[in-house]
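So that you can see what the record holds, here are the features copied from TrEMBL:
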- A:20-38: transmembrane segment (TRANSMEM)
- A:131-147: transmembrane segment (TRANSMEM)
- A:150-329: domain 'ABC transmembrane type-1' (DOMAIN)
- A:154-177: transmembrane segment (TRANSMEM)
- A:197-224: transmembrane segment (TRANSMEM)
- A:269-290: transmembrane segment (TRANSMEM)
- A:310-333: transmembrane segment (TRANSMEM)
- A:353-374: transmembrane segment (TRANSMEM)
- A:430-461: transmembrane segment (TRANSMEM)
- A:469-649: domain 'ABC transmembrane type-1' (DOMAIN)
- A:473-496: transmembrane segment (TRANSMEM)
- A:516-543: transmembrane segment (TRANSMEM)
- A:595-615: transmembrane segment (TRANSMEM)
- A:627-645: transmembrane segment (TRANSMEM)
Amino acid sequence: MAVAAETAAPAAPLRQRVSRPMVVAAILIVWLVLFAALRGRQTLTLAAADLTGLHRRLNDLNDSIGAGRNSNPVFLYFFNEIRLAIDNLVTFVQSLISQPTGSRPVPQIGWLGVVGLTGYVSWALGNWRVALLAVAGFTFFGLQGLWQESMDTLALTLSAVAVALLIGIPIGVWAGLSDRFNRIMTPFLDFMQTMPTFVYLAPLTLIFLIGGASAVITTVIYAAPPAIRITAHAIRSVPETTVEAADSLGTTRAQQLLKVLLPMSRRTVVMGVNQTIMAALAMVTIAALIDAPGLGKTVVQALQSLDVGTAFNAGLAIVVMAIVLDRVTTAAAARTEAARRTGGRLLRWRRPLLVAGGIGAAALVYLSHTYVWAAEFPGNGGTGGHIASAADTATTWLQDHLSGVTNAVRDAITNGLLNPFQTLLTDSPWWLVGVTLVALGAVLGGRWAAVTAAVCVGLLVGTGLWSDSMTTLASTAVATVLVMLLGAVFGVWMGRSALVDRLVRPTLDAAQVMPPFVYLVPFLALFGATRFTAIVAAVVYAAPVAIKIIADGVRNVPESTVEAATSAGCNTWQIITKVQLPMARGALTLATNQGLIYVLSMVVVGGLVGAGALGYDVVAGFSQGELYGKGLAAGLAIVLLGVMFDRITQAAARRTRA
Amino acid sequence: MARHWRAGTAGLAVLGLTLTACAGAKVGDPSSAGAKGSGGKCGTFNLAVNPWVGYQADAAVVAYVAEHDLGCKVTKKDLKEEIAWQGFGTGEVDAVLENWGHDDLKKKYITGQKTAVEAGTTGNKGVIGWFVPPWLAKAHPDITDWKNLDKYAADFKTSESGGKGQLLDGDPSYVTNDAALVKNLKLDFKVVYAGSETALIQAYRTAEKNKQWVIGYFYEPQWFLSEVPLVKVNLPPYRTGCDADAAKIACDYPVYDLDKIVSAQFARSDSPAYRLVKNFHWTNDDQNTVARYIAVDKMTDDAAARKWVDAHRDKVEAWLK
């Protein structure tokens with residue numbers, strides 16, 4: 001850090017004369033000029049079925065792992081033991097709430113018990129409002145006719161979250177205490193979060209077999225990083241002075257951790273649990289591809305016959321589950337905060353109430369264990385049928401009435417923005433694009449960002465998928481621009497009005513957790529199997545994050561500043577563009593960063609609807625043994641793109657804040 | 001406030017206990033026990049279900065017969081082809097009911113690892129090729145000859161095809177030589193990868209409804225053909241060996257005899273389920289009927305299978321011999 005500061009100092013006067021946007025513009029102009037001169041040379045293209053030496057070597061590696069499965073001691077004594085432990089955990093939770101065991105035709109706890117228990121736990125950890133929401137939400141699963149599927153999903157999610165926290169919180173604490181360990185962990189976490197799941201799905205089933213264990217481990221790989229990151233962040237944000245005070249009292253390191261650091265960071269850690277649950281639910285449909293039971297299977301199967309209604313019904317159940325779990329954990333986080341501050345009157349009543357509630361819940365559990373009416377959800381799920389047919393009607397109407405408009409929009413954006421940009425990226429010589437990326441990294445993010453960009457460009461060339469990477473990059477960039485436009489419009493709107501915020505937010509939550517597979521069919525009908533469809537799907541998934549971050553940023557602009565601007569005679573438009581947006585600059589950069597990462601995580605889904613390039617390579621690698629190595633390389637390329645942009649935008653964010 | 005709560009909870013508990021005393025069938029009562037007695041000598045039968053409706057129809061019928069006539073406990077596993085074949089070695093999959101060629105997998109698992117063996121054909125003929133929506137074949141009858149395709153290339157242009165005609169390909173797991181075909185037949189087309197069967201079917205559905213130009217890869221037996229009867233374009237006819245060199249292919253796809261693959265262990269076990277799989281044999285029409293029940297009439301797998309089995313008892317009896 002010190003070195004960076006020194007080198008920055010003499011450059012400062014220069015930078016005042018030449019502003020950063022001007023340098024960026026200059027770089028882009030040089031690129032355009034050279035592109036015109038060198039177009040079509042050294043573009044490193046590779047046809048869809050062609051492989052490079054690296055891809056073949058990765059194939060062989062995969063085969064040798066498979067062949068050694070029954071003799072290798074690592075398998076016999078390590079992986080098999082892990083599999084057994086996790087399998088037992090999953091089977092146990094399933095036998096409790098979702099699957100029949102032995103001679104019992106129903107699970108141990110029926111619907112009434114689960115609903116009662118959920119309500120009680122939500123109330124005990126959160127408050128009565130979320131308890132009511134939880135009871136309503138869980139009853140809704142039954143009305144939808146998806147009780148068992150929902151419980152299977154819940155069982156897998158709970159098991160995965162338990163394992164993720166068991167591993168994640170200790171690692172997070174360690175990363176919070178040790179800077180060096182944190183630096184070592186960060187690339188691994190990036191890798192776990194951006195590597196497309198399709199890439200490791202097949203090897204995982206080879207190592208951990210088809211079944212609950214593989215599904216849980218897949219989910220854990222994706223869901224543990226938020227727990228680790230947020231725990232580390234929580235430990236780090238405990239004020240220095242508090243730790244010093246404890247130090248001066250002569251506490252040991254263990255005491256310090258248990259008595260000071262952990263209790264003080266509890267609220268943030270609970271938010272980590274929340275993010276882990278959300279990430280776990282995002283994996284529901286992916287895990288269904290390796291036979292994980294539950295709602296994901298319903299979605300995937302319905303789409304084989306393009307049955308949007310049924311898929312939507314199951315997707316809605318996932319959304320409801322996500323919202324219930326989100327609100328309950330958020331309320332739990334708020335309670336841990338409140339419990340530290342208040343006490344007294346309410347607390348006196350709390351204990352007897354907890355006991356009474358516990359007895360009530362136990363009675364319901366007993367009933368649902370014993371009686372059929374409380375074990376199996378009554379009725380035939382008629383509500384689900386209504387939801388499905390309503391969704392069908394709505395999509396048919398949209399398809400019939402909008403397809404003219406949507407085609408025009410698609411062609412305008414494809415021809416006006418996407419095609420020129422993609423041509424620029426794919427038809428430039430690879431080194432020209434590489435140098436441009438490094439230069440942009442240097443200007444926007446500084447020296448380290450430039451080094452990272454250079455390394456990533458080198459490795460991208462190494463994957464043998466340079467051209468595909470550039471095609472994907474073009475779509476990703478266009479999608480990110482659209483995300484930021486939406487983010488700015490809705491973010492400012494929501495940031496300025498609490499009412500709008502309250503109305504729009506549930507929609508954003510739903511867009512984030514609704515499995516993309518559900519809305520792909522209507523999108524395909526509207527836009528065809530094109531890159532644009534992939535872009536729209538990515539925007540739906542990524543825009544909510546950007547909107548939320550920007551809304552937060554706008555809201556955090558001090559009231560007094562806005563009032564001062566108003567009294568100086570600024571109109572609304574001036575306040576937004578001259579005061580609120582510039583002051584929320586940090587939030588805008590963060591929104592760009594997160595928007596881009598979320599868009600990248602949809603690359604594979606895009607491959608399923610016509611985006612081609614890296615997304616298609618990954619999907620093909622998952623489906624065809626011979627292409628496995630290429631799919632793995634494509635997955636790596638996606639990770640590299642993600643890391644490169646993450647580092648550049650983060651460094652840029654640090655600069656704007658400084 | 002809190003007092004009310006306590007009273008309410010206590011009341012709820014009492015109500016619960018009263019209900020316990022009065023009514024309801026108990027779990028485990030003969031009246032409520034759903035499943036019948038356990039598997040007999042058949043035991044557990046692990047059946048892979050690959051992700052297309054035709055296969056789902058095969059699996060529905062075989063599972064139904066195995067459960068009701070042989071008393072097996074059938075575990076269906078929803079898996080992609082590659083992962084299903086992997087399961088032969090680990091003992092997690094006993095049978096794959098509809099295999100489309102896949103010489104690569106046969107080489108790896110049958111001749112290489114020796115974890116799988118062939119179990120005969122299903123009787124279904126797999127036809128792969130290029131298809132156009134029916135309105136197009138009607139409006140331009142000469143389009144079904146590949147020689148005329150170039151004449152229409154400009155009409156097949158899309159935002160994805162870079163100035164050429166678009167040939168739409170689907171799910172990457174399916175057997176395809178389309179890129180080589182376009183090159184070797186010197187057509188002014190570009191293969192665009194839709195990436196999934198869902199995308200492909202939706203493209204045809206929209207095209208037929210809005211009279212749009214689409215040509216793409218498709219196959220039968222497929223339930224969607226009963227909704228929109230796509231028309232096949234004739235490529236240069238297939239002759240044995242014309243597809244020997246993948247890069248030089250310039251002929252149509254062969255007709256695939258779809259076959260069944262089972263794990264070596266399952267074949268040795270001589271379980272009744274194995275004999276059922278080995279004898280299982282039906283026609284494209286049979287499969288399309290069941291697939292239609294599932295995809296169009298939205299019946300459950302089990303209900304669809306029951307309906308077909310009840311109507312075709314003679315065929316089922318032949319499998320059980």
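Every residue number used here counts from 1 along the chain in the order it is shown.
Each residue, glycine too, has its Cβ placed from N, Cα and C.
Contact check: the transmembrane segment (A:269-290) against the transmembrane segment (A:154-177) gives at least three Cβ pairs closer than 8 Å, residues 6 or more apart, which meets the contact criterion. Within its own chain, the transmembrane segment (A:595-615) is flanked in space by residues 193-194, 196-198, 465, 468-469, 471-472, 475-476, 479-480, 483-484, 487, 516-517, 520, 523-524, 528-531, 533-535, 537-539, 541-543, 545-546, 634, 637-638, 641-642, 645-646, 649, which lie at least six positions past its ends and keep a Cβ under 8 Å from the stretch. Sequence-remote contacts of a segment are chain residues at least 6 beyond its ends whose Cβ falls under 8 Å from one of its Cβ atoms, and for the transmembrane segment (A:197-224) they are 62, 65-66, 69, 75, 79, 82-84, 86-87, 89-91, 94, 156-157, 159-161, 163-164, 167-168, 276-277, 279-280, 282-283, 286-287, 289-292, 604, 618-619, 621-622, 628, 631-632, 634-635.
Sequence-remote contacts of a segment are chain residues at least 6 beyond its ends whose Cβ falls under 8 Å from one of its Cβ atoms, and for the transmembrane segment (A:516-543) they are 285, 299-300, 303, 306, 308, 311-312, 314-315, 395, 398-399, 402-403, 406-407, 410, 413-414, 418, 475-476, 478-480, 482-483, 486-487, 490, 508, 594-596, 598-599, 601-603, 605-612, 615.
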